[in-house]
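Reading through the structure tokens given below for one structure.
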Amino acid sequence: MAKQIQAIRGMKDILPQQTPLWQFLEDRVRSVLSRYGYAEIRMPIVEMTELFKRSIGEVTDIVEKEMYTFADRNGDSLTLRPEGTAGCVRAGLENGLIFNQTQRLWYQGPMFRHERPQKGRYRQFHQIGVETFGLTGPDIDLELILITARIWRELGLKDLELQLNTLGTSEERRHYRDHLVDYLRQRFDELDEDSRRRLESNPLRILDSKNPQLAAVIKDAPSLMEHLEEQSLRHFDRLRQGLDEAGVDYTINPRLVRGLDYYSRTVFEWVTDSLGAQGTVCAGGRYDGLVEQLGGRPTPAVGFAMGLERLVAMLESRDLQEQLATPDVYLVMMGDRASREGVLLAERLRNGLPWLRLIGHCGGGTFKNQLKKADRSRADFALILGEDEVARKEIGLKPLRGKGEQQQVALAQLEARLEEVIIRG
Ligand code: HAM
């Protein structure tokens, strides 16, 4: 036999038993976003490499080490998107969606980063991202966080903590950066190799280091908050006030700096302890400078993206997967006439009960065999249609999970009866 070819490391298949959970997640998120008036945009997966260099930043882990970059046949340098914000701004500018307008957009799809794969960290992963343009105030920052909080509520996810910080404007950050570099120079001996390299290029990222050796240096570092001017402080205070009024708990984390360079003012992450090391399930913030950086007029913008693999992992820990994957009803059809009538009956039920998950038996076979299949499908009920039932205009309703005896139900009353036993139990 020929040697089988394996999937690429860090890139996973999502198998049929897992897709119900993915669809549940995607449907809920989509429904919340549409209720808030967000519209979907679909961008290409491949962009010019320059786009990511200019937006995410040359001296970030993503651009330095993690991008899937290649030359296409024309010699252009292309990159599989490592995230969606840059492409969304590019698409917005190119299609005239941003100038002088407000936009509330969302997108969904695979992203690619050549990171070291581990639980919750993949080389191909999926995000649902949201980006808004043209809105300056803390009210839209608040709206985005309220959306995420509502999504967790509707998904039934509880163990999530909101961490919040402000990075100030790029000017405020420049001032702060000078102070920080002075301070870090004084403690140069305590820095690791990565931080020494970053000292000139991207010193703020040193504050985000996970290396325990740096904990003391980071703890004593000057705080950005003390270098913020009135307007940035007011923006942050009003956001906090809004969250307090809406009853959304948060923790201020002054070390939250994010791994992409485009942020200004508000940044936030939703984190959980329940997933091990890769606990950030959603992250975002304001990026008021990016549209201009990519060739547009200055336009305020703010957004976030959630990691679907991590959210699915949180949902998996509940027995939701089984519930979502099981049909309500398996329709057993004995004989030619019942098979023909059965197909039509199944369509009638699907029309009348749009929520019903019904599998119609295909391929004939004995009664025993069909019932075995019904049982294996894990449906709660079998509907049994034989020649006699067709003649009498009724059908057998047989509980498969030990909830009472089989009953005969008049076909005319079947929708009502199913609603009763399935919805009201
Ligand atoms: P990010 O923090 O790089 O931000 O990614 C957002 C989320 O994607 C993370 O919190 C995580 O859940 C998930 N994620 C990131 N990398 C991986 C990976 N290798 N494997 C699995 N999941 C991962 C952004 O991408 C920004 N574009 C978010 C944003 C939108 N900011 C403003 N607008």
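The backbone N, Cα and C atoms fix where each Cβ goes, glycine too.
Curation does not apply to TrEMBL; its annotations are automatic.
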Candidate sharing the L-histidine site with GLU83, GLY84, THR85, GLN127, GLU131, ARG258, TYR262, TYR263 (per TrEMBL), from ARG73, ARG113, ARG116: ARG113
Distance-selected binding-site residues near ligand 1 (C-beta under 6 Å), from GLU83, THR85, GLN127, TYR263: GLU83, THR85, GLN127
DSSP three-state assignment for THR85 (L-histidine binding site): helix
THR85, GLN127 as binding-site residues, winner by CB count within 10 A: THR85
